[in-house]
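To keep things clear, I will list the structure first and then write my remarks on it.
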Amino acid sequence: KRWQCRMCEKSYTSKYNLVTHILGHNGIKPHSCPHCSKLFKQPSHLQTHLLTHQGTRPHKCQVCHKAFTQTSHLKRHMLLHSEVKPYSCHFCGRGFAYPSELKAHEVKHESGRCHVCVECGLDFSTLTQLKRHLASHQGPTLYQCLECDKSFHYRSQLQNHMLKHQNVRPFVCTECGMEFSQIHHLKQHSLTHKGVKEFKCEVCGREFTLQANMKRHMLIHTSVRPYQCHICFKTFVQKQTLKTHMIVHSPVKPFKCKVCGKSFNRMYNLLGHMHLHAGSKPFKCPYCSSKFNLKGNLSRHMKVKHGVMDIGLDSQGGWAKRNGQSRNDTNMTHSGASCPVRGVGRLAKAETSLGWAQVWKGGTLEGHDDNNDGIFMSSSKDLNEIT
């Protein structure tokens, strides 16, 4: 006997499946995930979802070794490695593996971006842009950098690239003062200050401002690190990360401070060093009043002083708690009866070195580290009272 839905005439072999189906018509999802509160119509869907929290991905691609929680996801992924493109554009006939890709492509046709490169599939809004792009498929590049032997198809690309060697960064962020060699890098950076994070990792829930950053992050969950340093044998997810790492083993330090002349092998380290000259320490510890000029220094501080091995956020946006100690216990420790500023800071350091951490919800701890000893005064008045 088959049980039929009166709304859509879909039929099932069991009454249970029909009831579950009808719940979907009514928007009812009775099965809730205990980790993230996501709702599901069927318990089997919930069980599949729970695999993402357990890190279990049993279905593995034999081509690129990417793993998935469901067979259907693997089958959909395999279309990328196949010549089969079942979804065709009715404007130009180009094929796509996924309907979402086809939809995004057809929107570009409707908005006027209908000039498509037959070599790689990139589309452009004008024929001039397409012709310029086609030059990249027509033999060797023309413009070569004399500093690093990197070559480019266009003079403008070479000029932008040379700014890196010249350490010219004309585009400055008005929020934090960071400098960039190209304006689109500044625009991407500005999104971090706006708090806009549209792209979310489906595995761990981490959010990103750029889709490229999210895709790069997703490689972490595959456990595939194909790029290895031949000197120290450290492995990396991306080839570019390996290249950046190799600078550590090089005696060449191309990034030089214009103030004191100190040289660094990475631009990131130079930028952190410049914070020292500016007197700024933008990275604040959520557990005490310490501030740092580099994020890496903050991470080391939190591991050594507070026992926090993994810096992250909980499901409600607070800092992740290390063990079961309550917020009230932590606050009591930070509100000692000794010196209201310096005594509390040192007491907090001694206690938090045991390894617990509070769940910190908001605000930043401002202060003055005039003695450079890691103890921050809440105001100049507090400093004068102590000294």
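Quick reminder: no glycine exception, Cβ is built from N, Cα and C everywhere.
Residues in the domain 'C2H2-type' (3-30) partition by DSSP class (helix H, G, I; strand E, B; coil) as 11 helix, 4 strand, 13 coil. Residues or ranges marked as domain 'C2H2-type' in TrEMBL: 3-30 (among others).
Over the domain 'C2H2-type' (31-58), the average per-residue pLDDT in this prediction is 78. Here TrEMBL flags 31-58 (among others) as domain 'C2H2-type'.
Non-local neighbours of the domain 'C2H2-type' (59-86) in the same chain are 48-49, 51-52, 95-98, 222, 224; each lies 6+ residues outside the stretch with a CB under 8 Å from one of its CB atoms. The annotation domain 'C2H2-type' is assigned in TrEMBL to 59-86 (among others).
Marked as domain 'C2H2-type' by TrEMBL: 87-114 (among others). Secondary structure of the domain 'C2H2-type' (87-114) per DSSP (helix as H, G, I; strand as E, B; remaining residues coil): 12 helix, 4 strand, 12 coil.
Per TrEMBL, the feature domain 'C2H2-type' maps to 115-142 (among others).
Within its own chain, the domain 'C2H2-type' (143-170) is flanked in space by residues 132, 135-136, 179-182, 254-256, which lie at least six positions past its ends and keep a Cβ under 8 Å from the stretch. Marked as domain 'C2H2-type' by TrEMBL: 143-170 (among others).
Here TrEMBL flags 171-198 (among others) as domain 'C2H2-type'. Each residue in the domain 'C2H2-type' (171-198) gets a DSSP state, and the totals come to 12 helix, 4 strand, 12 coil.
As annotated by TrEMBL, domain 'C2H2-type' applies to 199-226 (among others).
Remote same-chain residues near the domain 'C2H2-type' (227-254) are listed as 165, 216, 219-220, 263-266 (criterion: CB distance under 8 Å, separation of at least six residues from the stretch ends). What TrEMBL records for 227-254 (among others) is domain 'C2H2-type'.
The domain 'C2H2-type' annotation in TrEMBL covers 255-282 (among others). Among residues of the same chain six or more beyond the domain 'C2H2-type' (255-282), those with a C-beta under 8 A of the stretch's C-beta atoms are 167, 176-178, 244, 247-248, 291-294, 296-297, 369.
Marked as domain 'C2H2-type' by TrEMBL: 283-306 (among others).
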| task | Test the contact criterion for the domain 'C2H2-type' (199-226) and the domain 'C2H2-type' (31-58): 3 or more CB pairs under 8 Å, pairs 6 or more apart in sequence, then answer yes or no. | result | yes
| field | DSSP-derived helix, strand and coil totals, residue by residue, for the domain 'C2H2-type' (227-254) | value | 11 helix, 4 strand, 13 coil
| said: Are there residues at least six beyond either end of the domain 'C2H2-type' (31-58) with Cβ under 8 Å to its Cβ atoms? List them, or say none. | reply: 20, 23-24, 67-70, 202-203, 205, 221, 315
| said: For the domain 'C2H2-type' (143-170), how many residues does DSSP put in helix, in strand and in coil? | reply: 11 helix, 4 strand, 13 coil
